[in-house]
2 protein chains.
Amino acid sequence: MQHYDLDVKVISVATSRHGFLYREEGLNLPALLELATQKRPLTEHPGVRHWANVLEGLQATGGDVLAEATWTNLRDAEPAMSHIRAALSQGIHVITANKGPMALAANELLLLAQEHNVQLRMESTVMAGTPVLSTVREGLAGARVRAVRGILNGTTNYILSAMAAGRGYAEVLKEAQEKGYAEADPTADVEGYDALAKALILAAVVFGHTLKPDQVKREGITGVTKEQMQRAVDEGKRIKLIASIQAVSDIGSAPLEARVEPVALPLSDPLAHVEGAMNALTFETDTLSQVTIIGPGAGRLETGQGLLADLIAVAGALNR
Amino acid sequence: MQHYDLDVKVISVATSRHGFLYREEGLNLPALLELATQKRPLTEHPGVRHWANVLEGLQATGGDVLAEATWTNLRDAEPAMSHIRAALSQGIHVITANKGPMALAANELLLLAQEHNVQLRMESTVMAGTPVLSTVREGLAGARVRAVRGILNGTTNYILSAMAAGRGYAEVLKEAQEKGYAEADPTADVEGYDALAKALILAAVVFGHTLKPDQVKREGITGVTKEQMQRAVDEGKRIKLIASIQAVSDIGSAPLEARVEPVALPLSDPLAHVEGAMNALTFETDTLSQVTIIGPGAGRLETGQGLLADLIAVAGALNR
């Protein structure tokens, strides 16, 4: 990229289907995409070395930066966890859009990165490429964040927005599934597990504190009735699924209080006006009272934007 | 600051009243503040060298970072312009909260900084310490910003918010003056000059383009009537003083279109809900559609926060 004086060479590509490919002189991405589209083996790319086992390939080769974007697994975060651990241990910077390892072990992995003098960046794990993690780490540098509250799941916000307009949960969920906003099994979204994972990441990145999933009080939106929504609207409020993390003044064994739950917000709250699939996050700080960032929270292009911003930040460190 | 491993020593202090003080071993800030409170000469601080002329003092000494926070002058930006030019030319990083030099010459000064391999950072010049310039430069790295729209003046937003509730301009202005939100001469705010200065800074930082003040179409809020406000409210809209900068598709002699003017916004626009003295800025980008940042736009603590974040960013470069 000219503006950043950045020349990126992709030397490895790995997928669960194709294994690990490596070519020191660089891979031809359009050629690889063409092979994938034609469902042909990526090993047909000229001059590549190949490992069936991704981790073995990663450990046998090298590189400056690993971009981890395998599927999200909130139970043990594999295979991403092993990929990230292996890369950091080899002194490879890591950028990732994968919520799993960050929700379960962000502090441990950040420490591993520090020990190996490399960066671990994860902008896209919370609100996709909307810059919230870089904002709190760099933009708000020097400010003390006391609390974070946000709308971190687009599916539930889409459903609640439609319900605020008078529609019922089941009908809206069906429509969201048809439009592709909600999965066939919507549990991860509507029961608040996706928002919870992002709350764990914020606990680690904003407060430097490791929370376990069962330390977060979680309530999804399946119990929110049409009548509750209407009553909130009548009272000039909006019900939103809010993830919140608050520093507890009495610093001790439980310095953070974290929740994911439906909350009736007054219209004076910027989060009350965040509609549809948009996400938002409010930071409460000692120097700036409230700062709110509103932006998209999902999408392929949006997720790619976060990885790109992370890559540019890492490149700044590589060029030192 | 422990968290950033940052040990800051203030070796010079300058004011228009006291001139330039320097002590290589560091100045005792509480002692200086005590002298200032007692209206005694700051030269009573032990062991200081003193110059009556600030610029001579700056040029005769040195340092790593200059923090420029003299008064805003939108005519020729002096004396800040000379201070910043002198510092950058000596290879001193500059952080500033001063809108004047940035509105009139940000690109020239950024180039001067680049030539001397130092940073020039100005977070607090737009929305005080609310991180908007760092967000666009670093958080949104790699995204192409197509347009920026914002509420960049708290005084006019306070007045318009009260008018939306049914009150008249003159009455609300008087109240704002009594509360200290508006100056005795409110021209710079209500005629849109303050918002215009910030639009010039955004043109430079976001688009890398120098606009002259007369290239921005400017209309203040003094012509907004109670009737217009009421009609907007009846139509489900809110009138806000909006600064906007748009990249014109036909890149030529005038690649940017910039305006400061009252606009009736639909309630679906996040800016429509920004009330009172709060400020907000929406970035329209190729990869993230709209990203909006809402936060305080003025205040001593809030401005200090921006300077602190800039200082921490510069310190990162110093430690390379």
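Cβ coordinates are placed from backbone N, Cα and C, and glycine is handled just like the others.
Automatic, uncurated: that is what TrEMBL annotation is.
The active site, proton donor annotation in TrEMBL covers B:K198. The DSSP secondary structure for B:K198 (active site, proton donor) is helix. Neighbour list (B:K198 (active site, proton donor), Cβ cut-off 8 Å, at least 6 residues apart, same chain): B:K99, B:A103, B:T125, B:V126, B:M127, B:G150, B:L152, B:N153, B:A243.
Here TrEMBL flags B:K99 as NADPH binding site.
Feature annotation from TrEMBL assigns L-homoserine binding site to B:E183. Around B:E183 (L-homoserine binding site), the same-chain residues six or more apart in sequence whose CB sits under 8 Å from its CB are B:Q177, B:D189, listed in sequence order.
The domain 'Homoserine dehydrogenase catalytic' annotation in TrEMBL covers B:131-312. When averaged over the domain 'Homoserine dehydrogenase catalytic' (B:131-312), pLDDT in the model lands at 94.
Of all Cβ atoms in the shown protein chains, 22 besides its own fall within 10 Å of the Cβ of B:K99 (NADPH binding site).
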